[in-house]
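Student: This is the structure I have questions about; it appears just below.
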């Protein structure tokens with residue numbers, strides 16, 4: 001039945017954790033990291049940088065300008081504040097489950113195991129398509145950023161060359177062992193952090209007069225009706241509310257994070273400790289990077305800036321690297337050198353985001369295959385723990401970026417953003433549903449959640465609030481396709497995922513005759529013994545983030561490396 005009673009929990013803890021005795025296999029270094037073939041090689045410093053910057057890319061630096069244009073500075077800030085708070089509730093939910101059960105496939109497999117196999121099937125393919133389509137989106141945006149230095153980059157030949165070059169780099173990084181991906185993301189995400197703080201300093205210094213014009217513009221762009229913009233010409237309160245909704249859709253696309261930590265949990269050293277820290281940093285990132293970024297953008301650029309208007313509505317200059325509101329602001333202030341530095345860092349930031357999406361797409365497809373929701377041959381991994389056939393499938397998607405060669409970057413970006421946004425929101429709905437069922441199972445089977453490695457407060461109310469919020473957004477996200485007149489193209493752009501996902505759920509349910517899992521029958525043991533046994537093999541206390549950072553420059557290095565285990569030494 002899979003019931004997890006208190007006696008069962010106590011028995012499991014004694015057998016696996018408290019009274020753990022290393023077997024010969026463990027002494028020989030043969031204890032499996034997972035119940036499958038993925039290997040736990042991501043170190044603490046890599047995980048924390050992935051958590052901080054792994055999902056920050058084009059949206060925060062470039063496409064955020066659309067939310068500013070349609071909504072105004074105050075609407076943008078309010079939208080990012082509310083969206084961050086709502087996603088924090090989802091983060092609180094997925095953190096409790098993932099830290100206790102850091103399994104391959106992350107939240108997708110949790111949904112299929114604890115709610116309904118059909119839900120796991122739907123979320124798995126939704127997340128896979130979401131991540132896979134984000135890859136060409138980032139490549140297209142990268143091409144725009146490079147065109148800042150030479151508009152000729154947007155011509156078919158150079159565009160195709162850049163696309164192919166980026167695809168080769170993504171392939172080279174992700175075909176190697178997971179530690180190669182982790183190391184690449186560590187440095188690339190570090191560049192993102194430098195970029196974000198540089199832009200914050202730029203905002204503060206220039207707004208108080210530290211610019212070539214000597215213009216202490218302060219909050220000028222919040223005055224004279226610029227704070228709350230009306231979406232349509234009619235204006236009024238309704239128009240301003242619709243402007244806020246436009247800013248909210250921008251926030252819905254930009255503010256992300258917990259899903260990526262859930263995906264890397266299966267390849268993290270000491271997941272109960274390092275992944276727990278990573279989830280906690282999400283709250284900090286929401287507050288500083290996303291909310292702070294929305295505030296900074298609304299300060300440095302006016303919502304009706306001529307260059308921003310060209311970018312949003314199309315026209316001369318709309319296909320250049322000056323699409324970033326920050327670069328527009330620097331140009332307006334006659335700042336000559338800094339835009340080039342920022343643009344270079346934007347390149348690394350966007351490249352990093354695409355690299356993360358490639359990794360997440362591969363791992364989500366692998367998780368689907370493990371549960372029989374994708375062809376079985378996709379479960380094959382190399383000796384380095386890379387799902388090679390999943391990798392091959394995913395690497396077909398970046399070639400969609402070549403569509404911009406014929407149709408133009410703006411058209412490709414518009415379609416990809418519309419298709420992608422709804423998919424990400426549906427993932428959060430699935431996480432909330434999974435947690436609500438997990439909470440019910442713990443209550444029914446007598447499992448005290450306070451004994452878990454991470455305890456989420458205000459539950460299950462937080463999950464219910466998140467569920468309602470993201471469901472409402474998914475339903476009304478594409479309302480603009482109905483006004484001022486119905487648009488068939490706009491409708492399918494905004495609602496294709498909302499149509500596809502229910503079909504996936506119903507189709508799999510009818511095909512496999514799956515059932516909604518009873519709270520008393522949910523398996524709350526699952527892979528916990530394997531993970532407990534793995535963590536029990538470590539000899540030394542966990543290594544802190546700053547200790548690992550010092551070790552990079554030769555300080556506080558330990559003989560044999562960090563995270564030594566019984567019978568073997570991990571790198």
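Keep in mind that glycine also has a Cβ here, set from the backbone N, Cα and C atoms.
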Student: Select from 224-242, 243-261, 262-280, 319-337 the stretch of residues annotated by TrEMBL as transmembrane segment.
Tutor: 243-261
Student: Can you find at least 3 Cβ pairs under 8 Å between the transmembrane segment (158-181) and the transmembrane segment (47-64), where each pair is 6 or more residues apart in sequence?
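Tutor: Answer no: the transmembrane segment (158-181) and the transmembrane segment (47-64) share fewer than 3 Cβ pairs below 8 Å.
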Student: Which of 193-210, 243-261, 282-301, 491-511 has the most Cβ pairs closer than 8 Å to the transmembrane segment (341-366)?
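Tutor: Ranked by Cβ pairs under 8 Å, first place goes to 193-210.
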Student: Of the stretches 193-210, 282-301, 386-406, which racks up the most C-beta pairs under 8 Å with the transmembrane segment (47-64)?
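Tutor: Most contacts with the transmembrane segment (47-64): 282-301.
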